[in-house]
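Data block below; observations after.
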C-alpha cells in the first residue's frame with residue numbers, strides 16, 4: 001500500500017510518482033515505431049469492437065422480429081447488447097493497454113489529451129485510426145449480412161422517438177463522463193501504488209462502466225459515448241436520420257470527456273500548484 005515516507009528535513013514524501021505531463025506536440029514521436037504500432041493496435045481494436053457489437057445488435061433485432069418469425073422475447077435483449085459492448089471493451093482494453101493504452105474511443109483519447117497524458121500528434125492519429133477501424137468493422141458486418149444490415153438499421157445511433165435533443169445530448173454527456181472518469185480512476189498512479197493488483201484489473205471497471213451506461217441510455221440514443229462507433233455505423237448505413245442526429249454523438253462525448261478530465265485532475269487530484277502551496281504552508285508552520 002502507498003504510504004508517506006520520511007524525507008529530507010522531516011517532511012513526508014510519497015512512495016509513488018505522477019508521470020510528467022506529455023509534451024503538447026512531440027514531433028520526435030513520429031520517428032518511433034512504437035507510435036505506429038499503437039496506432040495499428042487502435043485501428044484493429046476498434047474494428048473488432050464494432051464488428052462484434054453491431055453484429056450483436058442486428059442479431060437481436062432478427063431474433064426478436066415477430067414479422068420475420070422471431071419471438072418478442074428472443075435474442076439477447078438490451079441486457080445482452082450492453083454485455084456485448086462492455087465485454088468487448090474489457091477484452092480489447094486488456095489486450096491493447098500495454099501497446100496503445102487501450103483507448104478505442106476518441107472521447108477517451110480527447111480526455112487523456114486534455115489531461116496531458118498523450119500528445120496532440122498521438123491523439124489525432126489515434127482518433128483517425130479509431131474512426132477508420134470503426135468504418136471497416138461495420139463494413140465487414142454489412143458485407144457478411146447485407147440484407148439484414150439494411151433491414152435492421154445497421155446498428156447506427158440516432159435519437160429515439162419521444163426524446164428531445166437536449167435529453168439525448170445530456171445522456172451522451174453523462175454517459176461519457178462516467179466512462180472517462182472510470183478510465184482516469186482505474187489508471188491513476190496513486191491507486192496503482194496502493195493496490196498492486198489494480199493495473200491488472202483496470203480493464204474490468206472500464207468494461208463495467210460501458211455496460212452500465214448502455215443499460216441506461218440504449219432506449220434514448222442507442223448509446224454512443226464513442227464518436228468512432230457512431231461515425232463508423234453512420235458512414236456505412238448512410239441514412240438521413242443517423243446523420244441528422246450525428247452531431248450529438250460527437251459534441252456530447254467530447255463535453256463529457258472534458259468534464260471528467262477536469263474533475264479528476266483539478267478536483268480529485270488537485271493541481272501541482274495547489275500541492276506546492278500546501279507544502280509551503282506546512283514548511284512555514
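A Cβ is built for glycine as well, from the same backbone N, Cα and C atoms used for every other residue.
Database features (TrEMBL):
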- 1-21: region 'Disordered' (REGION)
- 1-17: compositional bias 'Basic and acidic residues' (COMPBIAS)
- 39-60: transmembrane segment (TRANSMEM)
- 80-102: transmembrane segment (TRANSMEM)
- 123-143: transmembrane segment (TRANSMEM)
- 163-186: transmembrane segment (TRANSMEM)
- 198-220: transmembrane segment (TRANSMEM)
- 247-268: transmembrane segment (TRANSMEM)
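Just going by CB pairs under 8 A, the stretch in 39-60, 80-102, 163-186 that sits most against the transmembrane segment (123-143) is 39-60.
With pairs at least 6 apart in sequence, the transmembrane segment (163-186) and the transmembrane segment (247-268) have 3 or more Cβ pairs within the 8 Å limit; the two touch.
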